[in-house]
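Notes to accompany the following structure.
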Amino acid sequence: MTEQQSPPEQMVTGEGAGERGGNYKITIYELENFQGRRCELSEELPNVVDKALEKVGSIQVESGPWLGFERQAFAGEQFVLEKGDYPRWDSWSNSHNSDSLMSLRPLQIDSPDHKIHLFENAGYTGRKMEIVDDDVPSLWAHGFQDRVASVRALNGTWVGYEYPGYRGRQHVFEKGEYRHWNEWDANQPLMQSVRRVRDQQWHQRGSFENS
């Protein structure tokens, strides 16, 4: 059954610049495949309903990256939105737990360099893995366990995943310290793959080491 769509109705908000001077632009659509009412954003939106959208059915990121959230006020499951088209909810959700995306904000990239420390236990104790300017699709394959209970993001912005191959729930780590897994809203200290969130102009190959 084909649903008849009317031409998109457009709204624009924001000034087009992030806090660090970078440009951010994203278009959210109420229906799948870039149909229905739409809204162009260049700044955070705590509730898509404020822009007269009942939901988000598809997304086009012109410049970013952005971070989407399952619930209003930047709560719930997180979804990293990098430059490109997302025609359906399952194109931005790696866990496929929920088709809801109700708030979003620009994701700041503080540096072209990336360094992160993963710790086995809370409080930065136990085994440690350092990753520098690299993506790791499987912590197990590189000699580390799947238990990550605290994190130090020293440079750059990272996203950790519940399962290998960048699958499952996503958890974003902006530069800072995360003493306990509840500080990144995880239900348990489980992380099996990690990658950088990068500006498209940066393509560096890096390294990792365990201790």
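Glycine is treated like the rest: Cβ placed from N, Cα and C.
Feature region 'Connecting peptide', per Swiss-Prot, maps to range 109-113 of the set 34-38, 109-113, 174-178, 179-183.
On the 0 to 100 pLDDT scale, the domain 'Beta/gamma crystallin 'Greek key' 1' (24-63) averages 96 in the predicted structure. Per DSSP, the secondary structure of the domain 'Beta/gamma crystallin 'Greek key' 1' (24-63) breaks down as 7 helix, 21 strand, 12 coil.
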